[in-house]
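Database features (TrEMBL):
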- 7-116: domain 'BTB' (DOMAIN)
- 163-188: transmembrane segment (TRANSMEM)
- 215-235: transmembrane segment (TRANSMEM)
- 247-269: transmembrane segment (TRANSMEM)
- 289-309: transmembrane segment (TRANSMEM)
- 316-337: transmembrane segment (TRANSMEM)
- 349-369: transmembrane segment (TRANSMEM)
- 381-405: transmembrane segment (TRANSMEM)
Amino acid sequence: MNFGRGPSVVLNVGGTRYSFSREVLKDFPLRRVSRLHGCLSEKDVLEVCDDYDRERNEYFFDRHSEAFGFIMLYVRHGHLRFVPHMCELSFYNEMIYWGLEGSHLDYCCQRRLDDRMSETYTYYAAEEPNGGPEGKGRRPPGAEGRKWLERMRRTFEEPTSSVAAQVLATVSILFVIVSMVVLCASTLPEWRAPENRSVEEQSRYTAESVREPSGIIEAICIGWFTAECIVRFIVSKNKCEFVRRPLNIIDLLAITPYYISVLMTVFTGENSQLQRAGVTLRVLRMMRIFWVIKLARHFIGLQTLGLTLKRCYREMVMLLVFICVAMAIFSALSQLLENGLDLGTKNQDYASIPAACWWVIISMTTVGYGDMCPITVPGRILGGICVVSGIVLLALPITFIYHSFVQCYHELKFRSARYSRSLSAEFLN
């Protein structure tokens, strides 16, 4: 510490005193406390704390003493929890003041904070450690570069964070829509007929003239998606975490088949003697349908669905177990009643248990295509029991999934509202 005298310093937080050595403050986990180590004058000290006693080398903070006690437990033991009988938002405000974030909370308290914040849509802006006119001239080396990378990352990852991010998201959505329209149009008979004639009649000129516009549009869309993915990878904080994200994996699955199909076309050609290569090319090109999932970056509804499935995987597994158990029981009984017993009539639709599983699944989900149905009285009674059981079994986990969906929606909506506030500030500035 470049200011004050004595081997130790005293922090007075709401009347509770804490004594530390000077060296401890240098790397103190709380950002506001560690800033005291670099103070050069009393003016710098008063920008960090509320008052200062030179004689006793004591720093006064007019903050909640009990909340700071829980924060000190985090400093000592690494676990941060809410103060009992204290508002979550008030405690979070204390955390922001001392330089902590919501991610420092234990998982159970993070969920409580998310629920509370989603109900009130409250946003607390973290105070910059070098804030103020005096602090702007003492930024650490490389701060400008990191700030630029963070701004680029938000532009590509958060569509509502700035005007540029909204423009970029709009352009990306347009490219997705155009690529999907071209993909759907390419399966029309009017588009495929010239392509077939080019193979049968060897009139490559006509086929190439027909495929040229769609090929150019496809190449432009792929170029945009590739450039977007590369830039997002460059500006990402953690490259390994970037590769493991589901949406980024989907981007890779949507982009890679195009380059594979181009290489296969170059090396094998498109002639009638390479039918296997032609089938492979069609399969790879059809994988462009994954581009639709890219819209999840820009719409809260799709993000909510993905986050709900991620958090409710246990309920989803439980639902699948219910269905599989019911399918095993009802398919075996239906096959026995309709085809296995010698009752004078045999229903050939239930000749095997795997065939009966199809009837069980469409009955339990109350779809009822009518392509197969029981004809015996015991089989019809079993069918009614199967339908009622399906309604009950499918409804059991729905409550948990519904509550998780609502919570995920509020969390994502709060985050979107937070970035919208920053977007409004950008317009005002």
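Cβ atoms here come from the backbone N, Cα and C positions, even for glycine.
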When counting C-beta pairs under 8 angstroms to the transmembrane segment (215-235), the leading stretch of 163-188, 316-337, 381-405 is 163-188
Restricted to the domain 'BTB' (7-116), the mean pLDDT of the model is 84
Within the same chain, the residues 6 or more beyond the ends of the transmembrane segment (289-309) and with Cβ under 8 Å of it are 157, 159, 169, 172-173, 176, 179-180, 183, 221, 225, 246-247, 250-251, 253-254, 316, 401, 404-405, 408-409, 411-413, 416
Per the Cβ under 8 Å criterion, with at least 6 residues separating them from its ends, the transmembrane segment (316-337) contacts 309, 350-357, 359-361, 363-364, 374, 376, 378-379, 382-383, 385-386, 389-390, 393-394, 396-397, 401
